[in-house]
Amino acid sequence: MAYDALVVRDLDAGYGAVRVLHGVSLRVPEGQIVALLGTNGNGKSTLMKAILGLVKPTRGTVRARLDGREVDLTGRATEEIVDLGVVLVPEGRRLFRDLTVEENLVLGAWRACARREISGNLRLCFETFPRLGERRRQRVGSMSGGEQQMVAIGRALMSMPRILLVDEPSVGLAPIMVKQTIETIGALKAKLGLTVLMAEQNFTQAIRIADRGSVLVHGSIAFEGETAESLGDNHLVRQFYLGT
Amino acid sequence: MSRLLRFHLGLAATGIVLIFALRLIGNDYAWYTGYVILQYVLLSVAWNVLAGYAGYVNFGTAAFFATGAYTTILLTKSLNLDLVLCVLAAGLISGGLGLAVGWLTLRLRGVYFSIATLSLAVVLQTLVVNWSYAGGSSGAYTMRPQGNNLFGNYSEFLFVLMLVLALGAIAAAAWIERSRLGMGLAAIRDDERAAAAAGVPTLRLKLIATAISGAMMGMAGAPLPYYASYLNPEAAFSLTYTINTMAMTLIGGTQSWVGPVIGAVLLSALQQGATVTISSAGNLLIVGGVLILFVMLAPKGILGLVQASRGKGGAA
């Protein structure tokens, strides 16, 4: 039975007096990748942060279905939400620059269930990104953007997520790395049975792996498309991304 | 495991060597000087738990330190409790104070946390000044016992007590650095929001660090009434403790427990020397001068200098 792993309903959120999200509703079916599309400043990151409790919503709910259990995430502390299996790969990677690759990865394994599987999950990370295995003792601050993005995704994998939130994985990467990173996310989803919500500006790359897409404009969902064609035909997408 | 054992044996051996070396000097002043130096080792290692590991600058060292000292005064006056028990109680009370202050202030980040801790000393000092049972503003006297069962000389006993506390703090700090707690604190220091997003329970870890740091500082202050035999609020809550502790840690380097130990030994030995040879008022001047030099020439402290020269050596 297909069900929705993540359901956002009528969400308002913002910073101080500035309201960024206006009644956002969104659902992510279990085992699918939903691409959250929209240009800078439309609220993609804020929505991600609000789901994870890093920004407190002023209205609306965030609910998740994890291991057959319905959980209300609204108002919970971030570490609690992560502990339930909802994990974010933050925008700009936000790694611990003074620590090594391996230390960064191990820091992702704070959940009780993930703590028991650290060595197995490290192996998974190094299989997925052989580059990281070669550089496990290197300080993360001295690595390239693409390698850092690998560490950021690896850190999220270490927590054995059920629902993975990925915020702008392509920011600051070379075009070839963008393609690779997006493909890896797609492969990981298939391999681990993840549910993924991915915010991305790079429409053409994102739509290659996404099962569906939602377009966020000025803090509200303006359009939802079930297929790549329907998204490509949409006038908003054409206006923002395709320049036609 | 054997590495850990060797580390602990090394600490214990260092302690024993220190005791016998000072016995050879056989002078009360040597015990006093050693006591003051070790007190700063303890304070600096404690301060570094929060500042170096988690990146939270605490301006309230004097408050925790004085809380320990006044715990001893109150428990001696009311229950005539043995000093060793007073030290343990001071650890509990200052640790609890750390927890309470942390709970109130750790939601604040960066400089706001620092300002809040600075005001803690002012608040507590006002409290003690108006508390006549604790001696009020005129202070309290503590009668020092003639001797000690184990150590004939009471000054030697105070020195050994501080030595055990300082070595214990070093062992605890070294443990934190290797532990999950230490790694979580390092993540908080690097990027607190990212740490939270990675699932690190940031508030809980910060509270644990504040409690450990506060408890150590309180224990550092607990023997003070016996050391000085007279204590008034102005001396106990003196900002000197806060500033010295910070300067020593920054000069030594915040990356590991070694930094505060080096900084505290060097700077307090220098201060003690200057007190005898030049004047006791010159102390803070020395601290200020040395600190300015380090901030300009070696912002990562002595440890940073050592690491930089090693890094060069390795590359060549």
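For all residues, glycine too, the Cβ spot is worked out from N, Cα and C.
The transmembrane segment annotation in TrEMBL covers B:7-26 (among others). Among residues of the same chain six or more beyond the transmembrane segment (B:7-26), those with a C-beta under 8 A of the stretch's C-beta atoms are 34, 156, 159-160, 163-164, 167, 170-171, 174.
Taken from TrEMBL, the feature transmembrane segment covers B:32-50 (among others). Sequence-remote contacts of a segment are chain residues at least 6 beyond its ends whose Cβ falls under 8 Å from one of its Cβ atoms, and for the transmembrane segment (B:32-50) they are 18, 22, 56-58, 61, 65, 155, 158-159, 162-163, 165-166, 169-170, 173, 176, 209-210, 212-214, 216-217, 219-220, 223, 227, 241, 244-246, 248-249, 252, 254, 257, 259-261, 263-265, 267-269, 272.
The transmembrane segment annotation in TrEMBL covers B:57-75 (among others).
Here TrEMBL flags B:81-104 (among others) as transmembrane segment. Listed as Cβ neighbours of the transmembrane segment (B:81-104) (distance under 8 Å, sequence separation of 6 or more from its ends, same chain) are residues 60, 63-64, 67-69, 71-72, 75, 116-117, 120, 161, 165, 206-207, 210-219, 221-223, 226.
Taken from TrEMBL, the feature transmembrane segment applies to B:111-134 (among others).
Counting residues 6+ beyond its ends, the transmembrane segment (B:154-176) has Cβ neighbours under 8 Å at 7-8, 11-12, 14-15, 18-19, 22-23, 28, 31-32, 34-35, 38-39, 41-42, 45-46, 48-49, 53, 83-84, 87, 144-148, 182, 185, 209, 212, 216, 219-220, 223, 226-227, 256-257, 261 in the same chain. Annotation source TrEMBL lists transmembrane segment at B:154-176 (among others).
TrEMBL lists B:207-227 (among others) with the feature transmembrane segment.
According to TrEMBL, the transmembrane segment annotation covers B:247-270 (among others). Residues 33, 36-37, 40-41, 43-45, 47-48, 51-52, 170, 173-174, 177, 286-288, 290-291, 294-295, 300-304, 307 of the same chain lie 6+ residues outside the transmembrane segment (B:247-270) yet bring a C-beta within less than 8 angstroms of a C-beta in it.
Positions annotated as transmembrane segment by TrEMBL: B:282-302 (among others).
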Cβ contacts under 8 Å made by the transmembrane segment (B:207-227) with residues that lie 6+ beyond its boundaries: 32, 35, 39, 42-43, 45-47, 49-50, 53-54, 56, 58, 61, 64-69, 71-73, 76, 83, 86-99, 101-103, 106, 140, 142, 144, 154, 158, 161-162, 165, 169, 172, 176, 181, 185, 236
